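Below: the structure, in structure tokens.
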Amino acid sequence: MARNMAHILHILVISLSYSFLFVSSSSQDSQSLYHNSQPTSSKPNLLVLPVQEDASTGLHWANIHKRTPLMQVPLLLDLNGKHLWVTCSQHYSSSTYQAPFCHSTQCSRANTHQCFTCTDSTTTRPGCHNNTCGLLSSNPVTQESGLGELAQDVLAIHSTHGSKLGPMVKVPQFLFSCAPSFLAQKGLPNNVQGALGLGQAPISLQNQLFSHFGLKRQFSVCLSRYSTSNGAILFGDINDPNNNNYIHNSLDVLHDLVYTPLTISKQGEYFIQVNAIRVNKHLVIPTKNPFISPSSTSYHGSGEIGGALITTTHPYTVLSHSIFEVFTQVFANNMPKQAQVKAVGPFGLCYDSRKISGGAPSVDLILDKNDAVWRISSENFMVQAQDGVSCLGFVDGGVHARAGIALGAHHLEENLVVFDLERSRVGFNSNSLKSYGKTCSNLFDLNNP
């Protein structure tokens with residue numbers, strides 16, 4: 001009897017062992033399949049964020065993948081914004097959302113020392129906790145600001161795989177702001193829920209990506225002119241040979257990049273030096289410096305135009321009043337007078353499209369000590385304001401303009417602009433991508449894998 005029992009127990013042990021191995025193997029296979037379909041946490045060389053233009057506002061936006069489970073969140077592209085902010089008061093659901101306590105290391109990293117108390121709701125929810133960090137967010141279009149809750153959650157972004165978009169990679173504790181809902185109610189494209197800040201600040205998108213993945217401190221912007229096709233932002237070194245398979249279609253464009261020094265203001269904004277604007281062979285140099293205060297990082301005491309802000313939150317390039325007056329006068333002198341018609345706001349100089357079939361004069365930005373010239377394509381400075389009416393796409397910013405020149409999104413479209421933060425320089429092509437037979441939508445493969 002005892003011998004039979006021992007034999008039965010031996011068989012049971014063997015059976016259970018095989019069952020355990022089978023279940024364990026099945027579980028591992030299932031887990032592997034699950035992870036293969038999910039964002040990976042590997043270290044990429046290059047990250048890609050597709051960007052679209054909004055036809056009604058002329059501004060650009062991107063779908064950011066956030067939360068758990070991941071979902072797309074449409075956000076305005078704000079080149080000079082300090083951080084990513086999104087409204088959280090409605091429909092924010094995530095199992096990985098956290099609100100760091102006041103005076104925590106996350107608060108220090110975000111450079112905020114203000115505590116936040118929620119008064120909007122009697123129950124806690126994303127964006128509404130007490131004794132958390134307060135973070136001030138701004139709508140860059142309306143200039144409205146509001147205090148919100150510093151938060152952290154999962155963010156995912158595409159890596160590259162050969163010449164294609166690769167799997168998504170995750171930042172598990174990405175810092176951002178849950179901002180007041182009123183900030184997203186005016187000025188933004190429809191359905192956009194916040195803004196994506198790329199300024200030089202501790203928790204801007206690119207700085208968190210650089211830190212988490214160990215990428216070179218460089219990002220490149222290529223904005224599409226067409227709302228039906230994507231442009232892109234690339235994070236990392238596009239000149240790295242390891243990325244050649246992905247950028248193979250743009251090697252000639254990269255080879256011809258011209259670089260000019262980059263200046264970053266105390267607010268983390270991006271400026272380049274502009275010595276003059278040239279219309280055909282005529283230079284536009286104002287007699288008075290347009291800047292408000294000599295303490296500005298972009299102030300120059302000479303008669304030069306000075307620092308030009310690069311921005312994506314103005315659809316058109318904005319000139320201070322003194323520069324605008326001289327520039328439009330010189331431009332008008334190089335256009336047929338009989339073609340000029342009543343201006344259509346917000347522009348100051350418009351023409352009958354049928355009477356300017358000969359084209360517009362060339363417009364160049366003369367940059368760093370005349371060594372670099374950025375030619376603005378007529379497609380980037382002439383705007384179809386109405387049927388049959390084409391306007392000069394520059395806007396009068398008044399006497400209190402933030403900068404002498406603010407290069408707007410329309411100016412940047414169909415240009416590859418490289419922000420090399422490690423070497424404090426900006427790269428661009430002297431001519432638009434059209435001269436290479438390319439557009440921002442086909443310069444890189446932006447199709448989902």
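Heads up, residue numbers simply count up from 1 along the chain you see.
Cβ atoms are placed via backbone N, Cα and C, with glycine included.
Some features that Swiss-Prot has for this protein:
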SIGNAL    1-33  signal peptide
DOMAIN    60-429  domain 'Peptidase A1'
DISULFID  CYS88-CYS178  disulfide bond
DISULFID  CYS102-CYS115  disulfide bond
DISULFID  CYS107-CYS133  disulfide bond
DISULFID  CYS118-CYS128  disulfide bond
CARBOHYD  ASN130  N-linked glycosylation site
DISULFID  CYS350-CYS391  disulfide bond
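Features recorded in Swiss-Prot, as mapped to the structure shown.
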residue: CYS88; record: disulfide bond; DSSP (3 states): coil
residue: CYS102; record: disulfide bond; DSSP (3 states): coil
residue: CYS107; record: disulfide bond; DSSP (3 states): helix
residue: CYS115; record: disulfide bond; DSSP (3 states): strand
residue: ASN130; record: N-linked glycosylation site; DSSP (3 states): coil
residue: CYS178; record: disulfide bond; DSSP (3 states): strand
residue: CYS350; record: disulfide bond; DSSP (3 states): strand
residue: CYS391; record: disulfide bond; DSSP (3 states): strand
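Proximity of CYS102 (disulfide bond) to non-local residues of its own chain (separation of 6 or more, Cβ distance below 8 Å) is seen for CYS115, PHE116, ASN131, THR132, CYS133, given in sequence order.
Looking only at the disulfide-bonded residues CYS107, CYS118, CYS128, CYS178, the one with its C-alpha closest to CYS350 (disulfide bond) is CYS178. CYS118 (disulfide bond) is 17 Å away from CYS107 (disulfide bond) when you measure Cα to Cα. In this view, CYS115 (disulfide bond) is surrounded by 14 other Cβ atoms within 10 Å of its Cβ, with every protein chain counted.
Across the domain 'Peptidase A1' (60-429), the model assigns an average pLDDT of 92.
Taking each of the disulfide-bonded residues CYS88, CYS118, CYS178, CYS350 in turn and counting other Cβ atoms within 10 Å of its Cβ gives the largest count for CYS178. Sorting the disulfide-bonded residues CYS107, CYS128, CYS133, CYS391 by the number of other Cβ atoms within 10 Å puts CYS133 first.
In space, CYS128 is the closest of the recorded positions CYS118, CYS128, ASN130, CYS391 to CYS178 (disulfide bond), judged by Cα positions.
Around the Cβ of the residue listed as 'N-linked glycosylation site', a 10 Å sphere holds 14 further Cβ atoms from the protein chains shown.
Cα-Cα distance from CYS118 (disulfide bond) to the residue listed as 'N-linked glycosylation site': 6 Å (rounded to the nearest whole number).
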